[in-house]
Amino acid sequence: MRLGRTARIALRTAAALGFAVIYVPLGLVLLNSLNPDRSAGWPPPGLTGHWWSVAAHNPGVRQALWVSVKAGVGATAIALVLGTLLAFAVARYRFFGRDTVSFLVVLPIALPGIVTGIALNSAFGTVLEPLGVGLGLFTVIVGHATFCVVVVFNNVVARLRRTAGSYEEAAQDLGASGLRAFVDVTFPLVRSALLAGALLAFALSFDEIVVTTFTAGPGVQTLPLWIFDNMARPRQAPVVNVVAAVLVLLSVIPVYLAQRLSADTAPSSRV
Amino acid sequence: MRTEAGRHPARRLAAVLRRRPRLRLTLLLTAPLLWLTVLYLGSLAVLFVSAFWTTDSFTSQVVKVWSTDNFHALLTTPVYRQVVLRSVAVALAVTALCALLALPVAFYTARVAPPRRRPLLVAAILTPLWASYLVKVYAWRLILSQGGLADWMLAPFGLRGPGYGLPATVLTLTYLWLPYMILPLHTALAQVPDGLLDASADLGARPGRTFRSVVLPLVLPSAAAGSVFTFSLSLGDYITVQIVGGKTQLIGNLVYSHIDLDLPMAAALGTVPVVVIVLYLLAIRRTGALDNL
């Protein structure tokens, strides 16, 4: 569309404003972590790195971070297995109820987290507790895995749809066993999709708060739960500020990795 | 790998599997379907059945006697109706605001910006998606706090920031879900063929007319796809409301506040967003949005 000069300038301004709206709050979080004052008044009276060292030695934060990492790794591992199995079934076979499967896998993130949360909570309470298994890290992992399956599934199924099954058939016609064909042909084709899915699943689990609230046992506190608990406590404000700033800075890593991984899938690459 | 008797168990198993596609399919589907149907759908089913149970008002114990009292209360209690209407209105407002803000940004990143810079701009839209949900809400809690950035920016005009409340909730939710709207719009706009726009111009249409008659119909399904996220994520939210909403109550808060004392009522209230979201999905299905998800 040939746009006039005014239209171009208007659009550029609107886009610049849009990006400002997206980034100003994140920048504020970064700046606020250097605020010597405990209150969040604006403008900050000065800058200090003091709270960063305080936060680094906060045992609550360290513990919560470790719990989050364990939950994320566990949920990602389960989601990788279940999501990949489903993706192969849906992309490589035709069967009754195939569309239902694709729908079923989206449901845990399509429905409000609170509904998923209380459903799992009451199910765990009625089924697991009589067996002597209370809510704890295990139930958090199970809950997270349920909605992480979809991101692994989406990534792998998209990859499989783009690469026809004929590669595997060709390998088998050339004498490779099913296992050999999988190891040498299929797996390298889906490897980067698996990585991208795992990355997304971990990030999703790491950030989740609602389902966690309802599936975590009394002693289990993930990082989001810790932030939520401490957000309204004035005494903890500086540490919350630093943790928030760290999370903003860390969010660059998955974007960078995802870009690298999708570059791997570009037509010009080796695969 | 499961082993079978024989000299090369793995190879023999592979050979068996190769001859029997149905068996392969069954092996692929068993674990994930058990997980999703038994664990997830099973839990949901129990929850929805429990919406028809009641609670002993003295002991807060769930009484497993079938009754429709909860749904009756849901439909007749004015507070519930108000909260449901408010929640739907908030979700619609957030969706409209997101679409309004996203369109110029997406149009710029997809068609106006220099092509070499476009991947970088898309990454710039994506980055905040990875920033923690709580951190983003926290950022707005800081901005809207007393004497915070909003107050400071509006002070020269003799105004004050909105503080915590319903407007703060709408604002924060719009911020949270904005990238979910920009991305599908960007993708759709980037895919509009140049030839169509040239043809429209050749036939005498001004940019405004081309936008309305050519571009908009082509990106509408993607906007609808984005709106599924903005709408349903807003409708179910209760954390943002707790953090920046002041005394505001949305349906999620209502569910949350009933969980400990009256689980059946919480379950009944929980069916509301589910029903509304299903209705919303059915309503926009005709735009073809669901194929774009």
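Any Cβ shown, glycine's included, is placed from N, Cα and C.
Taken from TrEMBL, the feature domain 'ABC transmembrane type-1' applies to B:84-284.
Among the features that TrEMBL reports, transmembrane segment is placed at B:27-53 (among others). Through the fold, the transmembrane segment (B:27-53) approaches residues 17, 62-68, 70-71, 263-264, 267-268, 270-271 of its own chain, all at least 6 residues removed from its boundaries and within a Cβ separation under 8 Å.
If one looks beyond the transmembrane segment (B:83-108) by at least 6 residues along the same chain, the residues whose Cβ comes under 8 Å of a Cβ in the stretch are 121, 125, 166, 169-170, 173-174, 177-178, 180-182, 185-186, 189, 223, 226-227, 230-232, 234-235, 248-252, 254, 272-273, 276. What TrEMBL records for B:83-108 (among others) is transmembrane segment.
What TrEMBL records for B:120-144 (among others) is transmembrane segment. Non-local neighbours of the transmembrane segment (B:120-144) in the same chain are 105, 108-109, 113, 150, 161-164, 168, 171-172, 175-176, 179-180, 182-183, 186, 239-240, 243-244; each lies 6+ residues outside the stretch with a CB under 8 Å from one of its CB atoms.
Annotation comment: TrEMBL describes B:164-183 (among others) as transmembrane segment.
Here TrEMBL flags B:214-235 (among others) as transmembrane segment.
If you look up TrEMBL, you'll see B:263-283 (among others) marked as transmembrane segment.
With a cut-off of 8 Å between Cβ atoms, the residues of this chain six or more beyond the transmembrane segment (B:263-283) that come close are 47-48, 50-55, 62, 70-71, 73-74, 80, 84, 87-88, 228, 231-232, 235-236, 251-252, 254-256, 290. Nonlocal intrachain contacts for the transmembrane segment (B:164-183), taken as residues 6+ away from its ends with a CB within less than 8 angstroms of a stretch CB, comprise 86, 90, 93-94, 97-99, 101-102, 105-106, 109, 122, 125-126, 128-129, 133, 136-137, 140-141, 144, 223, 226-227, 229-230, 233-234, 237, 240-241, 243-248, 250.
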